[in-house]
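The substrate binding site annotation in TrEMBL covers A:THR203, A:LYS231, A:THR242, A:GLU330, A:ASN469, A:THR474. If you look up TrEMBL, you'll see A:THR242 marked as active site, nucleophile.
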Protein chains: 2
Amino acid sequence: MFPRAAPVFGLAKRATASSSSTPASVSVLVSVANTRSYSAPVGNAIPPAKKKYVPTRGSYPQGFRVGGVVVGVKPNNTTKPDLAMIVSDVPCTAAAVFTKNKFQAAPVTFSRDLLKKSPQVQAVLINSGCANAVTGKGGLEDAAAMAAAADSATGGSGTIVMSTGVIGQRLPIQKILDGVPRVYAGLGSSHDHWLATAKAICTTDTFPKLISKTFTLPSSTTEYAIAGTTKGAGMIHPNMATLLGVVATDAPLAPAALAPLLKHAVDRSFNSITIDGDTSTNDTVALLANGVAGGKTVPNDAASPDYIAFQEVLTDFAAELAKLVVRDGEGATKFVTIRVTEAASELDARRIASTIAKSPLVKTALYGKDANWGRILCATGYSLISEPGEAEAATPSIEPTTTNVSFVPTDGTAELKLLVNGEPEAVDEKRAAEILELEDLEILVRLGTGQAEATYWTCDFSHEYVTINGDYRT
Amino acid sequence: MFPRAAPVFGLAKRATASSSSTPASVSVLVSVANTRSYSAPVGNAIPPAKKKYVPTRGSYPQGFRVGGVVVGVKPNNTTKPDLAMIVSDVPCTAAAVFTKNKFQAAPVTFSRDLLKKSPQVQAVLINSGCANAVTGKGGLEDAAAMAAAADSATGGSGTIVMSTGVIGQRLPIQKILDGVPRVYAGLGSSHDHWLATAKAICTTDTFPKLISKTFTLPSSTTEYAIAGTTKGAGMIHPNMATLLGVVATDAPLAPAALAPLLKHAVDRSFNSITIDGDTSTNDTVALLANGVAGGKTVPNDAASPDYIAFQEVLTDFAAELAKLVVRDGEGATKFVTIRVTEAASELDARRIASTIAKSPLVKTALYGKDANWGRILCATGYSLISEPGEAEAATPSIEPTTTNVSFVPTDGTAELKLLVNGEPEAVDEKRAAEILELEDLEILVRLGTGQAEATYWTCDFSHEYVTINGDYRT
């Protein structure tokens with residue numbers, strides 16, 4: 001379960017998004033006598049339906065300067081920023097969560113080793129356009145050279161490096177090294193600087209992902225800020241999705257507190273989203289805290305009110321960032337929350353939510369606006385089964401006669417029950433169609449076998465997804 | 001590992017398929033100024049490219065009479081056989097493997113209970129058009145009523161029942177009960193009878209799946225026959241894929257030998273295929289042996305030469321049937337073998353093969369004819385990782401520096417190495433494109449950490465798949 005024990009202390013969202021009322025569809029469906037046509041997104045403009053997710057201002061943490069410049073990691077890129085830098089004016093503490101993929105990219109290996117030695121860093125340097133993954137010893141040298149160039153620019157010590165883009169190719173390292181003094185010279189703390197940073201880490205994302213907030217902690221009236229950027233799943237040959245995220249705050253945190261706080265937040269955010277179930281070689285989410293805003297240091301004590309309050313701020317913040325990745329899922333037309341409750345254990349709840357969230361049958365049904373509860377039930381039913389050859393797992397969480405499945409509309413209207421205690425409801429198809437027309441939807445599975453729960457966020461599976469990932473020449 | 005210890009004793013394939021050289025594409029791609037159009041398959045005719053998989057004759061086991069008739073399980077069906085019956089002239093022994101999905105359909109519950117009481121049965125009765133799944137107590141009564149009607153027709157005792165089709169709807173049970181005497185009256189042992197049976201169990205399959213073979217066993221010169229039919233993954237709203245299979249032989253098998261022989265075969269065939277990773281509520285594969293051809297009974301002794309020989313015959317036969325399901329995967333344009341070798345354990349090899357076989361990124365790359373080894377490597381790398389909250393698994397099978405990935409062409413030409421001991425090869429893109437143009441392809445992953453191996457069969461992920469599963473009104 002995800003405890004919500006603490007009240008939210010003065011969580012204020014200042015970064016107002018510009019609401020757009022343009023249509024939600026980014027692909028065009030045309031009926032032509034028994035065939036359906038669609039078009040892939042064209043150009044680099046932000047799709048009208050996604051503009052509302054890009055803030056026009058924000059409240060950013062003190063003592064951080066950021067920026068992004070064009071260095072042309074991909075030879076044909078001359079316009080999109082592809083080198084980002086985030087620098088703390090004073091040495092700050094950092095923690096990071098890395099991919100569990102067994103084939104880890106060079107920047108993952110480098111940054112993991114760096115943080116093992118010391119949690120104190122000064123900067124994060126990120127390039128897009130090339131993932132520096134499966135690049136052997138030379139790739140590790142490139143990652144180290146990036147960090148050294150950044151250290152040299154900041155005069156400090158300790159730079160986390162991240163890369164995202166093409167796998168299996170070496171970085172154009174000289175271009176990046178030459179770019180470091182340039183990006184450093186242009187750093188700043190304005191909204192535009194943060195937006196440039198968010199843009200520079202994008203690959204095939206259709207919009208930059210940036211959030212900022214202010215908050216207070218119970219022990220003082222000091223106003224803190226937290227800001228972060230992430231990039232998500234966009235793969236066009238020969239790219240590979242690599243989720244990256246950086247979150248920076250000016251709150252003072254005990255160095256030892258960062259890792260548990262970040263892990264708690266990531267498990268409930270970046271580790272609870274899926275586009276297609278593929279976990280990349282480069283996934284990295286880092287948290288930086290420089291304490292520049294002053295006040296009492298948040299101790300590494302999970303019982304401390306300040307710790308509890310910051311944990312909630314960070315977890316909600318990370319979830320909000322992670323959801324932006326799902327909103328920009330390849331070809332996605334829907335944003336779907338999968339909530340599994342009343343499970344015998346949180347791990348079971350997570351596995352069931354994850355299985356439903358990944359099922360191609362569920363995801364294509366959502367795309368087709370089809371209230372196909374049978375597929376949701378089916379995914380639930382096979383979520384805990386074992387491979388042949390493996391001992392059969394006990395599955396106390398799943399009991400057909402206590403299982404309930406509902407659609408929960410996001411417009412505040414009543415839930416639509418599809419399955420009640422294992423018995424199908426006579427579904428009001430008109431009502432189901434109304435709910436499925438909404439861009440946002442929650443699928444609620446109540447297992448009736450315990451008190452644990454988990455939430456996943458996913459998107460639908462569209463023709464566009466296949467086009468983006470299959471049409472290698474486009 | 002899958003031992004191939006025994007030589008094949010007189011395995012003869014008599015059921016000659018009619019080879020067709022018509023084009024392999026069943027969907028039409030049309031370029032229209034920056035958009036791409038496609039058409040879903042139309043009508044019930046067998047696609048030209050699939051005709052070669054439908055035999056025009058066969059050698060069928062003695063003492064079995066089979067058939068299929070139209071009963072109209074779906075109200076609008078007036079032409080496609082939808083009730084199939086397989087009857088042994090004498091009581092025969094049977095075993096079955098059932099889905100592990102926690103939501104099991106009524107016929108699964110009924111048939112499992114039946115075989116628990118006694119392995120001796122007389123018939124199998126199968127309807128398509130309705131899965132009798134999630135239908136509560138009434139559904140169980142319907143399954144029992146089907147069996148009783150079949151028992152009454154055969155005068156014997158013991159009928160395995162299977163259902164496939166729409167989930168969450170009750171069977172039109174009277175139509176089926178009325179149809180049982182009719183299908184029984186028309187039973188026969190000709191090729192046409194077997195083909196009608198194969199057709200009657202299909203739902204959205206594009207072709208009936210039927211194989212027959214003759215074989216001998218080491219202990220005698222008696223010629224035995226084995227025949228079987230299966231149906232696969234085809235889902236159009238509101239259907240749910242339900243894999244069914246029936247294999248019948250006139251060889252004499254010790255009753256206790258059937259279950260282990262079938263489990264061995266199914267683990268290496270029906271449990272090693274994936275279309276989309278969804279395990280249905282109705283999956284059932286049954287083996288019937290009536291011993292009518294005479295000869296020495298195959299003992300339940302895994303060391304006996306007859307047992308070993310029959311095990312190989314059955315396993316190969318089941319694999320051949322299972323591969324037909326993959327060939328008819330929804331929207332599939334490719335048949336892909338995923339072979340993982342040199343693993344530390346068979347379970348690891350299976351999990352890695354299964355993860356690659358299910359990865360939407362790998363499957364869309366195959367559809368796009370893209371030699372994207374990065375995605376294969378990525379899937380390998382995350383195949384053994386744990387959920388957050390779960391203890392991290394030891395993964396001795398995966399060691400980046402000993403991992404090799406190759407494409408193995410099915411035309412007998414040399415393999416194309418993509419990754420050698422963790423280092424990317426400079427891939428000959430022209431050669432890769434040639435290999436990827438073939439309908440059949442093998443992806444070989446050599447882990448270099450052990451001797452165990454596993455094979456999965458899968459297909460690609462196409463626009464057609466999304467159309468079939470998403471466009472609920474078509």
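Positions of Cβ are set from backbone N, Cα and C atoms, glycine also.
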Using a 10 Å radius around each Cβ and counting other Cβ atoms from all shown chains, which of the binding-site residues A:THR203, A:ASN469 yields the largest count?
A:ASN469
Of A:THR203, A:LYS231, A:GLU330, listed here as binding-site residues, which sit with their C-beta under 8 angstroms from a C-beta of chain B?
none
What is the number of other Cβ atoms found within 10 Å of the Cβ of A:GLU330 (substrate binding site)?
28
Would you count the other C-beta atoms found within 10 angstroms of the C-beta of A:LYS231 (substrate binding site) for me?
29
